[in-house]
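Participant: OK, TrEMBL features for this one:
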| type | residues | note |
| --- | --- | --- |
| BINDING | Gly136, Thr137, Asn138, Gly139, Lys140, Thr141, Ser142 | ATP binding site |
| DOMAIN | 43-114 | domain 'Mur ligase N-terminal catalytic' |
| DOMAIN | 134-335 | domain 'Mur ligase central' |
| DOMAIN | 361-490 | domain 'Mur ligase C-terminal' |
| MOD_RES | Lys245 | N6-carboxylysine |
Amino acid sequence: MSTGDALSIRPQTPNQIQLSELAERFGLAVAGPGDGHAADTAVTGVSLDSRDVRPGDLYVGMPGAKRHGAAFAAQAVALGARAILTDAAGAELVAEAGVSIPVLVSAQHPRELLGDVSAAVYGTGDYDAKVFGVTGTNGKTSVVYLLAELLRAAGITTGLSSTAERRVSDEVIPSNLTSPEASELHGLLARMRERSVEAVAIEVSAQAVVRHRLDGVHFDVVAFNNFSQDHLDEFGDLESYFAAKLALFTPERAARGVVVVDSPYGQRVARESQIPVTRLATAYGQQAEWHLAVTSQTLDGVSFVLQGPEGAHFRGSVPVFGSFMAENAALALIMMHEAGIPLERVAAGLDRGRIPAYIPGRLEEMTQPGSTGPRFFVDYGHTAGAFEAMLDALGEVAPGKIIFMFGADGDRDTTKREEMGRVAAVGADTVIICDYHPRSEPPEAIRAQLLDGARGANHATVIEEGDPRRAVRLAISLAEPGDVILYAGPGHEDHQEVAGQFIPYSARDEVRGALREAGLLS
Ligand SMILES: CC(=O)N[C@H]1[C@@H](OP(=O)(O)OP(=O)(O)OC[C@H]2O[C@@H](n3ccc(=O)[nH]c3=O)[C@H](O)[C@@H]2O)O[C@H](CO)[C@@H](O)[C@@H]1O[C@H](C)C(=O)N[C@@H](C)C(=O)N[C@H](CCC(=O)O)C(=O)O
Ligand SMILES: Nc1ncnc2c1ncn2[C@@H]1O[C@H](COP(=O)(O)OP(=O)(O)OP(=O)(O)O)[C@@H](O)[C@H]1O
């Protein structure tokens, strides 16, 4: 069941709390019209976005990078907000807007209170579901989906929050952020409790940690998979980006952790973690409690054996190519083991260890699995690290040539582009560079940086075709039976962001259409 155009999933029978209680618990001043009765007002939900306000909400008018949320107070009231929480500057904006509902004024940045206030409003503080968090640079969404699938196999009712979707049993909405703002997260958790969800898998971005999006949530188990360059536009340098991920491994946030220690960054997390961690190694000779061995891999999937302490073991397979997918599955399995869910219980719910994972837009095949013609995969990878992992994997399993098409985000970490181009051209036979989300940048300037990196590698044939629709058709025209086309970037997305406009574009639909035109898909 999809919940239509909703921006957030909320409980149907909400908790309610008096403003007087919120004011007292969080040291807030109550101002605005109707002061005399303000303390008697009750709120039933929290929204940070005036467009997503539901009747009874506390609307949190937050200062942002571009504007002050309190400037949207009138819209919030029109949609049924019962009170506003904001800072002193916001209170003035609310007064100017002439809205007549109580205003809670915080001396702190409202973001610092949002998690705890939302937990108080939604009553999620004592929700006793197992909560799992996954962080790292590449593969978080994949681990979260695998975890949800494995939890289901163990007979556990599951919810998830990822870059692609938020999901409560059969209720699904598309996501706008990898990690939702705290108000949305607690609303989602409250709905999960209503639906008797027993375990929640949450994808955790570094931005979520530093922007208080996880406040009021305590994880039973967190995992770290890998780390490579990304988001330097936000964090400035790799060390700050890493520190944001490491901060998840503290007692305030989580009880225990699982860490892939193949890389020096993973080893650092294991060493510097402030909570007990167990380690997973896929490299031979690496010290760890858990070891993963890939037993076979083809374009149709990967099989593995996982061995842990005290005889714990699991033999399984994932229907997506790449040894890193086995690693993602292993991480999910160890997280469950750490949460006290026996691996035997998971295995009992699967057919010979086959994990029936569908991960939207992650190495998702657009052609028919097993077909003898060219095979076409759409992916969400947008870092050099993800490109390298995928192209290494394809190098092992692709029967023919590898044709790799991709673009890069505008207005995001520009320093990673040359390396993306280089890695692509080292791993593929043909590279087609097209546009992704140029945002406010000239698309040809983004392409030029990618092309520089790709041409500098002196390996693949490098082609520039800005229009992704034409690039898809070009890739198909170049492919022969046995060849693999991999289109990285757009994954599950349904739009291109160009100069402030969201233009409808689904790479998956486009590719399917082009394959039909070429007679490669019925
Ligand atoms: C840099 C960043 O994280 N920005 C987030 C921040 O935006 P902002 O400070 O610019 O907000 P603003 O536009 O000035 O608006 C201020 C306030 O007014 C509100 N508003 C605004 C307009 C309106 O009509 N009504 C309204 O209520 C907004 O909800 C906000 O509370 O607060 C907004 C509201 O929650 C977020 O949507 C926005 O995320 C933007 C879209 C974003 O791109 N974030 C990225 C960097 C991000 O967080 N990415 C990570 C990692 C992804 C990955 O792993 O690749 C993620 O977790 O998604
Ligand atoms: N364990 C892994 N190691 C390296 N690359 C991976 C791994 N798992 C997946 N990938 C690659 O990274 C891409 C992105 O995967 P996924 O969406 O799961 O990552 P993510 O961390 O959630 O990224 P984002 O936060 O941007 O959504 C995949 O489509 C695949 O190409």
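Cβ atoms are placed via backbone N, Cα and C, with glycine included.
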Participant: Just counting, how many other CB atoms are there within 10 A of the CB of Lys245 (N6-carboxylysine)?
Facilitator: 20
Participant: May I ask for the distance between Ser142 (ATP binding site) and Lys245 (N6-carboxylysine), taken between their Cα atoms and rounded to an integer number of Å?
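Facilitator: Each residue's Cα considered, Ser142 (ATP binding site) and Lys245 (N6-carboxylysine) end up 18 Å apart.
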Participant: Can you tell me how far the Cα of Lys140 (ATP binding site) sits from the Cα of Lys245 (N6-carboxylysine), in Å?
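Facilitator: Per the Cα atoms, Lys140 (ATP binding site) and Lys245 (N6-carboxylysine) stand 12 Å apart.
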Participant: Other residues near the ATP site, CB within 8 A of the CB centroid of Gly136, Thr137, Asn138, Gly139, Lys140, Thr141, Ser142?
Facilitator: Val134, Val143, Glu203, Asn225, Asn226, Asn328, Ala386
Participant: If you skip the near sequence neighbours and keep only those at least six away, which residues in the chain come within under 8 angstroms of Gly139 (ATP binding site), Cβ to Cβ?
Facilitator: Asn225, Asn226, Phe324, Glu327, Asn328, Ala386
Participant: Counting each residue once, how many in the domain 'Mur ligase N-terminal catalytic' (43-114) are helix, strand and coil under DSSP?
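Facilitator: Split into helix, strand and coil, the domain 'Mur ligase N-terminal catalytic' (43-114) gives 28 helix, 18 strand, 26 coil.
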Participant: Which recorded positions from the set Gly139, Lys140, Lys245 have a C-beta atom lying less than 6 Å away from ligand 2?
Facilitator: Gly139, Lys140
Participant: How big is the gap, in Å, between the Cα of Thr137 (ATP binding site) and that of the residue listed as 'N6-carboxylysine', rounded to a whole number?
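Facilitator: Spelling it out, the Cα of Thr137 (ATP binding site) and the Cα of the residue listed as 'N6-carboxylysine' are 9 Å apart.
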Participant: Report the nearest neighbour of Lys245 (N6-carboxylysine) in space among the binding-site residues Gly136, Asn138, Thr141, comparing Cα positions.
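Facilitator: Out of the listed candidates, the nearest Cα belongs to Gly136.
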Participant: Whose Cβ, among the binding-site residues Thr137, Asn138, Thr141, Ser142, has more other Cβ atoms within 10 Å than any of the rest?
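Facilitator: When each Cβ's neighbours within 10 Å are tallied, Ser142 leads.
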Participant: Could you give the number of helix, strand and coil residues in the domain 'Mur ligase C-terminal' (361-490) as assigned by DSSP?
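Facilitator: When I sort the residues of the domain 'Mur ligase C-terminal' (361-490) into the three classes, I find 53 helix, 26 strand, 51 coil.
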